[in-house]
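S.K.: Copied straight from TrEMBL:
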type	residues	note
TRANSMEM	B:12-37	transmembrane segment
TRANSMEM	B:63-80	transmembrane segment
TRANSMEM	B:92-111	transmembrane segment
TRANSMEM	B:117-138	transmembrane segment
TRANSMEM	B:147-169	transmembrane segment
TRANSMEM	B:236-265	transmembrane segment
TRANSMEM	B:277-299	transmembrane segment
TRANSMEM	B:305-324	transmembrane segment
Amino acid sequence: MIDIQNVTYHHGRSLILDDVSLRLKKGGITALVGPNGAGKSTLFALMARLLPLQSGSIRFDEMEVGKTGTQSLARKLAILRQEANVASRITVRDLVGFGRFPHHQGRASEADEAFVQKSLHEFDLASIADRFIDELSGGQRQRALVAMAFAQDTDYLLLDEPLNNLDMYFARSLMQQLRALADAYGKTIVIVLHEINYASGHADEIIALKQGRVALQAPPESFMTAENLFAIYGMDVQVETFGNRKIALHQV
Amino acid sequence: MPRETPPQRPWIRVTLTTSIVAILLCLILISLSIGVIETSLADLFSQAADGEGLLLLSRLPRTLATLLAGASLAVAGFILQTLVQNRFVEPATVGTADSAALGLIGVSIVLPDAGIFSKMLVGSLAAFVGALGFLALVKRLPRTQPLLVPLCGIFYGGVISSVATFLAYENDLMQYIGIWMNGEFSGVLQGRYELLWASGLIALAGYAYADKFTIAGLGRDTASGLGLNYSQTIHLGLAIVAMVTAFTVITVGMLPFVGLVVPNIVSRFVGDNSRKVLPLVALVGGTFVLGSDILGRVLRFPYEIPAGAIFGVIGTFVFLWLLLARPSRA
Amino acid sequence: MPDKRLIFLFLSALAACLAFMLVGARGSWDFLLVFRGTKLLTLIAISVAVAVATILFQTLSANRILTPSIMGLDALYVLLQTILVFVLGGAGLASLSAEVKFLASFLLLMFASVLLFGVLLNRQREDLFRLLLIGVIFGILFRSVSALISRLIDPSEFMILQGELFASFNKTNTSLLAISALMIGLCCIVVWRRRRVLDVMALGRETAIGLGVDTGRELFIGLVIVSALVATSTALVGPVGFFGLLVSALAYELMKTSGHGPVFIAAALISITIIVGGQTLFERVLHMGATLSVVIEFLGGITFLLIVFRKYKA
């Protein structure tokens with residue numbers, strides 16, 4: 001369970017997060033949505049300990065962020081940032097191999113190697129395992145980074161707008177892969193999303209932030225209504241049902 | 001790079017101009033009255049009325065030299081910034097000054113007996129070629145990274161300067177490098193600074209083309225669309241910058257950051273329209289350099305600290321302030 | 001089994017050292033061994049210091065263009081030395097031993113660089129070129145302020161002190177060399193033991209945090225080590241300019257990988273080959289003693305431009 005209590009965050013004088021409290025149950029995918037500047041990425045960064053907390057607390061099960069060593073946390077949660085542009089020239093296999101670093105601190109065992117191999121297969125990277133990551137397409141690189149996070153073998157996985165720079169083919173296949181991870185391995189995945197329909201189509205629960213506050217926390221079926229979307233985004237959007245999913249027609 | 005223009009408030013320009021002129025006049029009087037030989041202003045002028053003495057021989061030439069060098073370098077910096085469309089370039093950060101020094105070293109090796117005129121010519125030519133080379137480099141840089149331009153310029157200048165140093169070292173000309181790289185005015189006497197008048201005149205000629213430079217600064221496509229002969233304007237501007245730089249380097253040495261700091265400060269207050277801004281840029285440039293020179297003369301009296309050393313410190317401070325204060329898009 | 005490329009580099013470094021000892025050797029070996037041997041040790045010490053400091057600094061800032069010299073760290077050392085002279089005065093400074101002076105300015109440098117680059121690398125890291133330009137300008141600022149202060153000090157006094165503060169190739173201070181070698185050795189051991197953590201640091205701050213590395217702590221340790229290495233190499237021979245960039249670019253180009261273990265070794269060996277070999281070539285063969293640094297400056301500047309243009313084509 002992820003337990004966020006009374007988190008407030010200021011950047012200079014402006015208030016980014018205003019007393020946010022949330023509980024996210026273990027297992028499944030939670031999507032974090034909201035208009036630009038709502039504080040999604042800040043909340044993500046605080047959860048991922050990329051920013052220090054100013055007030056309030058965040059806990060992953062028994063581990064409290066800021067009080068637990070970063071190394072222990074790395075075995076509890078894996079993170080993936082949108083602009084993870086790696087400067088080093090390393091192979092896909094090496095990159096995925098770094099996912100095991102929190103477990104072996106640089107001295108990989110055979111079990112670690114095996115896990116890396118498994119991650120490469122899981123994300124269909126075996127054929128390009130020895131290519132350098134700066135030679136890959138954006139979609140392949142993103143998959144390699146997700147595979148690295150998977151190799152970290154954590155209960156929790158946090159992703160910040162992973163669909164940026166992906167075309168619709170890769171975007172959907174990434175969401176499907178995350179779905180499979182949540183279902184097959186019981187992982188808890190929190191994902192910051194821009195596009196509400198990906199949240200509706202793949203998440204178990206959607207949380208909307210607006211102006212630094214939690215505006216709504218609900219499963220997709222009840223979240224996706226024209227009234228809710230108007231309240232969050234301030235625009236009239238038609239919501240249609242296709243099969244068992246609700247789709248917001250916001251592009252037209 | 002479009003420069004944002006502050007709201008048009010003419011009174012700012014008027015007040016600014018007036019107060020700078022006032023400061024400048026004070027500085028000129030100070031500059032005339034201080035020196036190792038103690039004398040009063042009244043004495044100086046009465047001697048001068050007889051057509052001789054300290055004033056005409058040393059004090060006045062020195063004061064004029066600082067003003068001319070400062071003003072023309074500031075104008076050259078402004079023109080260069082407009083043409084390259086980047087706020088962080090100036091003769092010292094894009095290798096123009098180093099190219100001029102390299103040209104001067106070269107001519108001193110090949111033709112040791114060359115007169116000042118041919119040295120000047122070669123120096124200007126080298127500075128021009130150096131500036132063209134820089135422009136060719138800049139074209140290959142992504143426009144989304146404006147800070148890459150001065151950065152590459154500094155390294156480009158470093159490479160050129162290392163060639164100059166190598167040649168100078170192998171030919172026992174290191175003392176010239178020392179003189180050309182450190183701008184100072186202590187050696188200025190009547191008969192030894194007059195080249196700077198030419199530099200000032202060239203800067204003035206730049207003023208006549210102010211509008212063309214502004215249009216060229218909008219980029220090749222826009223400028224051509226407005227019927228400007230783009231490459232001709234660019235070459236003309238670079239020639240002006242090259243000559244001003246070479247003349248200054250050969251007479252008083254390099255004064256780094258004058259051409260960078262002054263236009264940036266002026267444009268903060270009154271915007272970037274060349275025709276309106278250039279006179280102010282020249283005025284502020286002269287004032288700054290004269291101020292640095294006076295400071296250098298009094299800080300450790302009777303020794304002198306080169307104006308270039310003083311301005312180097314002030315200039316880098318302002319540069320850092322510009323870098324840290326501005327948002328990433330620069 | 002060691003990499004073939006490393007064996008090749010080791011042999012070329014060895015050849016450079018042998019050439020340095022043997023070319024033009026005349027007279028008694030007792031004298032030559034001590035005289036040239038001390039010089040050779042100095043060259044090797046600074047080669048290793050520069051190589052390790054550069055690779056480490058590039059990893060801390062997660063890119064391949066920054067070097068401590070480009071960011072003005074050695075200029076900062078010179079500035080601190082100058083301020084020390086200015087504040088203490090000739091008499092005060094002369095009463096201190098060379099070792100004390102060295103340690104004092106090293107501690108000052110450590111403090112200043114952790115303060116300056118700790119803040120800079122944390123705040124400005126998203127914008128590499130801003131960081132780089134700020135560093136370059138800081139370097140120019142440090143040099144300008146040093147020049148200004150040295151003008152304020154009595155010129156004759158400053159010349160004497162400068163000679164004492166910066167040992168040159170021709171006047172190696174043996175006790176300073178011993179301290180430096182010890183310091184460099186210690187730094188190398190610490191860096192070597194952390195090489196795997198550095199592999200992770202090179203992935204960038206956020207990825208490194210995600211993988212459980214305490215980046216703040218690593219940055220601090222790294223900056224302390226970089227300061228120590230820069231202080232020692234600057235104290236021994238003065239600022240080295242672009243040399244570090246040349247070495248790291250060659251090392252990465254040759255090794256093709258970013259594993260810090262092999263890269264550190266390769267960089268150190270390349271560094272020794274260039275410095276010792278270059279010094280032999282210029283001093284003994286071409287008889288152009290002091291121009292090696294100018295040539296290195298030239299090649300380093302070209303390297304920088306090549307890296308930038310290859311990576312950031314318009």
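Residue numbering: from 1, along the chain as shown.
Cβ coordinates come from backbone N, Cα and C, glycine included.
Where in this structure would I find these features, and how exposed are they?
M.R.: Residues 80, 84, 86, 91, 94-104, 106-108, 111, 149, 152-153, 156, 160, 195, 234, 238-239, 241-243, 245-247, 249-250 of the same chain, all 6+ positions outside the transmembrane segment (B:117-138), place their C-beta atoms under 8 angstroms from a C-beta of that stretch.
Under 8 Å from some Cβ of the transmembrane segment (B:236-265) lie the Cβ atoms of residues 65, 69-70, 72-83, 87-93, 96-97, 100-101, 103-104, 116, 119-120, 123-128, 130-132, 135, 179-185, 188, 192-193, 195-196, 198-199, 202-203, 205-206, 209, 212-213, 216, 277, 281, 284-285, 288-289, 306-308, 311-312, 314-316, 318-319, 322, all in the same chain and six or more residues away from its ends.
Counting residues 6+ beyond its ends, the transmembrane segment (B:305-324) has Cβ neighbours under 8 Å at 66, 87-88, 147, 182-186, 253-258, 260-261, 264-265, 288-289, 292-293, 295-297, 299 in the same chain.
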S.K.: Taking the transmembrane segment (B:12-37) as the reference, which of B:63-80, B:92-111, B:277-299 gives the largest number of Cβ pairs under 8 angstroms?
M.R.: B:277-299
S.K.: Under 8 Å between C-beta atoms and at least six residues away from its ends: which parts of the chain pack against the transmembrane segment (B:277-299)?
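M.R.: 13, 16-17, 20-21, 23-24, 27-28, 30-31, 34-35, 62-63, 66-75, 78, 184-185, 203, 206-207, 210, 255, 258-259, 261-263, 265-267, 270-271, 305-307, 309-311, 314.
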